[in-house]
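Undergrad: First the structure, then my questions, so here it is.
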Amino acid sequence: MADARRAPLKDRTDVSGARALIVEARFYDDIQDALLEGAVAELSAAGVSYDVVTVPGALEIPAAIAIALDAAERSGKPYDAVVALGCVVRGDTIHFEIVSMESSRALMDLSVQRRVPLGNGIITVNTDAQAWARARASELNKGGDAARAALTMLRIKRRLAKA
């Protein structure tokens, strides 16, 4: 049975037709545009449809995800995966640490408790230059990375459901 649950690093389990939720924090609009572009490109390439929900900041992302997951389940059209996108830039106070740690913790809790494949694309940086390097699809493409993480976890979930 262990071999049946092992997958190659490049798992190609079909996820086309899946439905994803992207929740984005629009605190830094231009950076967010770049993160969203990367995530959308990855989901679209995999044949995954998506809905986008926009919230004011990173701390609101987990609550919006929980609300959307509940609504989708009640409607009979549950989401198969979730992508969280946002940007937190360090300032002069401990706000950075609070937002970074609490949003990440809440996302992990949601993913584990709800068994939902989730890619965390909330970038945490010291400078605007670091944010741009991480957000642009032509550079580090962290929006794309978050979508790929969600898709990888969805593939694992689907493969293990068949094992």
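Just so you know, glycine gets a Cβ as well, placed from its N, Cα and C.
Sharing the record's features from Swiss-Prot:
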| type | residues | note |
| --- | --- | --- |
| BINDING | PHE27, ALA58, LEU59, GLU60, CYS87, VAL88, VAL89, ASN120 | 5-amino-6-(D-ribitylamino)uracil binding site |
| BINDING | ASP92, THR93, ARG134 | (2S)-2-hydroxy-3-oxobutyl phosphate binding site |
| ACT_SITE | HIS95 | active site, proton donor |
Undergrad: Within the chain of ARG134 ((2S)-2-hydroxy-3-oxobutyl phosphate binding site), which residues six or more apart in sequence place their C-beta under 8 angstroms from its C-beta?
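TA: Long-range Cβ contacts: ILE123, VAL125, LEU140, LYS142.
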Undergrad: Is ARG134 ((2S)-2-hydroxy-3-oxobutyl phosphate binding site) helix, strand or coil when read with DSSP?
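TA: DSSP assigns ARG134 ((2S)-2-hydroxy-3-oxobutyl phosphate binding site) to helix.
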Undergrad: Of ASP92, THR93, HIS95, which is closest to LEU59 (5-amino-6-(D-ribitylamino)uracil binding site) if I measure between C-alpha atoms? They're all recorded positions.
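TA: Spatially nearest to LEU59 (5-amino-6-(D-ribitylamino)uracil binding site) by Cα position is HIS95.
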Undergrad: Using a 10 Å radius around each Cβ and counting other Cβ atoms from all shown chains, which of the binding-site residues CYS87, VAL88, VAL89 yields the largest count?
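TA: Within the set of binding-site residues, the most crowded position is CYS87.
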Undergrad: Write out the long-range same-chain contacts of GLU60 (5-amino-6-(D-ribitylamino)uracil binding site), meaning residues 6 or more apart in sequence whose Cβ is under 8 Å from its Cβ.
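TA: Listed in sequence order, they are ALA25.
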Undergrad: What three-state class does DSSP give ASP92 ((2S)-2-hydroxy-3-oxobutyl phosphate binding site)?
TA: coil
Undergrad: Below 8 Å Cβ to Cβ and six or more residues apart, same chain only. Which residues does that give for ASP92 ((2S)-2-hydroxy-3-oxobutyl phosphate binding site)?
TA: none
Undergrad: So among CYS87, VAL89, ASN120, all listed as binding-site residues, which is physically nearest to the residue listed as 'active site, proton donor'? Use the C-alpha atoms.
TA: VAL89
Undergrad: Quick one: give me the count of other CB atoms within 10 A of the CB of PHE27 (5-amino-6-(D-ribitylamino)uracil binding site).
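TA: I count 17 other Cβ atoms within 10 Å of it.
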Undergrad: I need the CA-to-CA distance for CYS87 (5-amino-6-(D-ribitylamino)uracil binding site) versus THR93 ((2S)-2-hydroxy-3-oxobutyl phosphate binding site), whole Å please.
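TA: The Cα atom of CYS87 (5-amino-6-(D-ribitylamino)uracil binding site) is 16 Å away from the Cα atom of THR93 ((2S)-2-hydroxy-3-oxobutyl phosphate binding site).
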Undergrad: Taking the Cα atoms as reference points, how far is ALA58 (5-amino-6-(D-ribitylamino)uracil binding site) from THR93 ((2S)-2-hydroxy-3-oxobutyl phosphate binding site) in Å?
TA: 16
Undergrad: Looking only at C-alpha atoms, tell me how far THR93 ((2S)-2-hydroxy-3-oxobutyl phosphate binding site) is from PHE27 (5-amino-6-(D-ribitylamino)uracil binding site), rounded to the nearest Å.
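TA: Just about 17 Å between their Cα atoms.
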